[in-house]
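**Student:** Structure in structure tokens, see below.
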Amino acid sequence: MEVVRNAFDFSDFPKTDLLVVGCGLLFLLFFPLLPHSTFAMATMIQFLMFSLYGMGWNTIGGYGGQVDLGKAQYVGIGAYTTAVMLIRWDVPFWVSMPAGVMFSVTWSFIIGYPLFRLTGHYFAIATIATSLVLKDVFEVWDFVGAARGLEILATKYDAVDFTHLIFENDNYYYYILLAFFLLGILIINWFRHSRLGYQLRCIKDNELIAQSLGIDVHKSKVKTYALATAFVSVVGSFHACYIKNIEPEDTMSLDLSILIALMAMLGGAGSLWGPIIGAGILIPLKSYLKEWLGASAGLVGIDLILYALIIMVVSAVEPRGVWGLIEKIRARRT
Amino acid sequence: MTPLLRVERMTKTFDALVANREVSFQVNQGDLFGIIGPNGAGKTTLFNCIAGRYAPTSGRIFFDNRDVTSLSAHQMARLGLARTFQVYAASGDLTVLENVMVGCFLRTRSRFKARQRASEILEEFGLADLADTLLVEVPVAYQKLVTAATAVATRPKLLLLDEVAAGLNPTEVEQIMAMIRHINQNRGITVILIEHVMTLVMNLCHRIMVLDSGEKIAEGPPEEVAALPAVIKAYLGERYVQTQLGGQ
């Protein structure tokens, strides 16, 4: 099957890269066994979650060049689907998660269809708008707990409950998320080798040429947007079971949408490892800066200023992000 | 001679501006057809209407015995019409090979098939050395060859070339001419080209059509058309006739 062959084909990366990736994977695999604080574990889980968000964003935003600043709405749909189904009807995670993906993808078609008639900044603004509108709806919708949100009571479940994805020990969450993470890399690797991936890169380059080569630009964008949405929705569902307390404010906020996009842009939009590198830099920075600096009064928000600075520097030096920088250095050497 | 493309009394207006007025012509299978005319004569607009980028204001277009007047650009490509653009600035991160592969992907889903076909086409066009270079970093003359190769990769029946020789030096024009001849004769693709470089038009085309201010003013074999007073007045100028045709 060519799909499988594409998913496992990393042959276009130099061996040194694959060595680094292998070491990284070993570290991720054994991290829970190393001595670590609960805070470090929480940070690692955030890192994996944001890597996945970024990978999803990267399909349409990076390879396709369509700046999407509304990904949080799909985090919300995924998280709320899982939480509502779990609390009201005791539905297992493995059912509610695909249901969430179905809702998210359906919603992505509904808004993607008209939205992709827009281009450039107008598209970006429209994605923000739809996301914020959806957030407002959830804030007044009693069925989903309105602005108070929903709370999953962990005490109702066993200490290790794989069907509902409720665990006392974070290690379980970590490994399940790591499995998603690895699967995510394979899916993105398939995507970038697929016909759709190539077509999207052509669309990013020049839409007129893409059309002249028989690419239905609108359809390709909508399809890819749905793929991006599925990624984000799955992690949203996971977020509900992991955090157990969800509100529109933290699952569907503009901050989250922007963070997802920034993560991928910082690491390198349109490259396989970009979002992971971005999340690897920003997430630890964000949580540790908040921990160290946020506590002392008067310094609240300094973390925001610092990573805004980093982003400005990166975009001024190399718009293709850290990955672009690595490739530049590599090109200079040869 | 089977007609491949037939344009019937096609008019295209942009508000008050009439870009094409009642243009009719027919191109047969295997033809190498040239369109000439002064700047602003409506040549590129005509291409855009045929290729489905613009919908004609009135008139009909038939391609391969089908009314294609209202089809969009990507649908036309699927039916077997490929084109190049007059102004093309590569900006993306695609290499030359990947660029041609995108063309191949119109007829196959498989990356391996696309890669193989693209490599063959690059070989055929003498561009194999550039395969892994980013298209942005390739000299303009070669970018034009690559875009033509990419268009051919979609396996078209009809290829529209919009000023492929513009801005090229004589050696490069020779190269482009050889390529067009190859596409037309060896690959059997019907070609319509818009061109200002008269050596190319006069040497290559079986028939040419002259547009002026959106209207067709002449059509026929190149030598006959170039001798028509109306064409000389509108486009070629007296000096061209004296230097190029006077000596014959």
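Heads up, the Cβ atoms here are built off N, Cα and C, so glycines get one too.
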**Student:** Of the residue ranges A:74-94, A:95-115, A:137-157, which one carries the transmembrane segment annotation in TrEMBL?
**Tutor:** A:95-115
**Student:** State the non-local partners of the transmembrane segment (A:95-115) in its own chain: residues 6+ outside its ends, Cβ under 8 Å from one of its Cβ atoms.
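**Tutor:** Tertiary neighbours of the transmembrane segment (A:95-115) are 73-74, 77-82, 85-86, 123, 126-127, 130, 134, 221-222, 225-226, 229-230, 232-234, 236-238.
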**Student:** Against the transmembrane segment (A:258-285), which of these stretches has the most C-beta pairs under 8 Å: A:18-34, A:172-191, A:225-246?
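**Tutor:** That would be A:172-191.
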